[in-house]
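Written out below as structure tokens is the structure these notes cover.
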Amino acid sequence: MVKISFQPAVAGVKGDKADKASASAPAPASATEILLTPAREEQPPQHRSKRGGSVGGVCYLSMGMVVLLMGLVFASVYIYRYFFLAQLARDNFFRCGVLYEDSLSSQVRTQMELEEDVKIYLDENYERINVPVPQFGGGDPADIIHDFQRGLTAYHDISLDKCYVIELNTTIVLPPRNFWELLMNVKRGTYLPQTYIIQEEMVDTEHVSDKEALGSFIYHLCNGKDTYRLRRRATRRRINKRGAKNCNAIRHFENTFVVETLICGVV
């Protein structure tokens, strides 16, 4: 800033006149000052506004990334639920059949066909088998559960609407993983290779009132139905007819051969 001052001019007069003039005239005006302020130089834009814009851009970018990640998560869940789980369910469900020689019903060996639907639950470690009504006889329709966690097998005879529970026979029933591998190996065709049939005989012993103690899988199968415990007969009798009085037969397979389970009442 520049300061400029102006002083008044002094006339060459005598002192007395000057005194008179100074006495009669008003006091001279003070020196005039003019302040000149130099023009301000144009300031560059503050960095603060630029920093605020950068922060806002980062926030928008972060929000966009969050939305994108959420979209990817939802898409992954959708694909997992509707494609992977559906494919897994298809791989664990089998509709298959087996051709076997029936040597139990008569002396003449006849070729029979057995169909069943199999659901294998690898994580829960159990198998569920549905045997529809046989086309040419040979047993009752049934639902069967092999619970490897509980070590139990349950037969629901659909014709009688009764449930029968017995200890799991691991010498006949393949574990879920082995049974699944067997069925996957033969999934290319409709039927398993031709095989044979064996027979096991059981007798009911007592009525089961506490079905919850049998486990959730068997409970859902047998709830609301008369349920009995079975025991294997130590010495098998010779039964000429599967439809003999006081006995019912269920034919099924959980291995490379067919099993006929005879369930008989106490004689």
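Glycine residues also receive a Cβ, built from the backbone N, Cα and C atoms like all the rest.
Cross-referencing C163, C247, C264 with Swiss-Prot gives C163 as the cysteine bonded to C222, criterion being a recorded disulfide. C222 (disulfide bond) is surrounded by 23 other CB atoms, counting those within 10 A of its CB over all protein chains shown. Helix, strand and coil counts under DSSP for the domain 'BRICHOS' (136-230) come to 20 helix, 40 strand, 35 coil.
Residue pair C163 (disulfide bond) / N169 (N-linked glycosylation site) shows a Cα separation of 17 Å.
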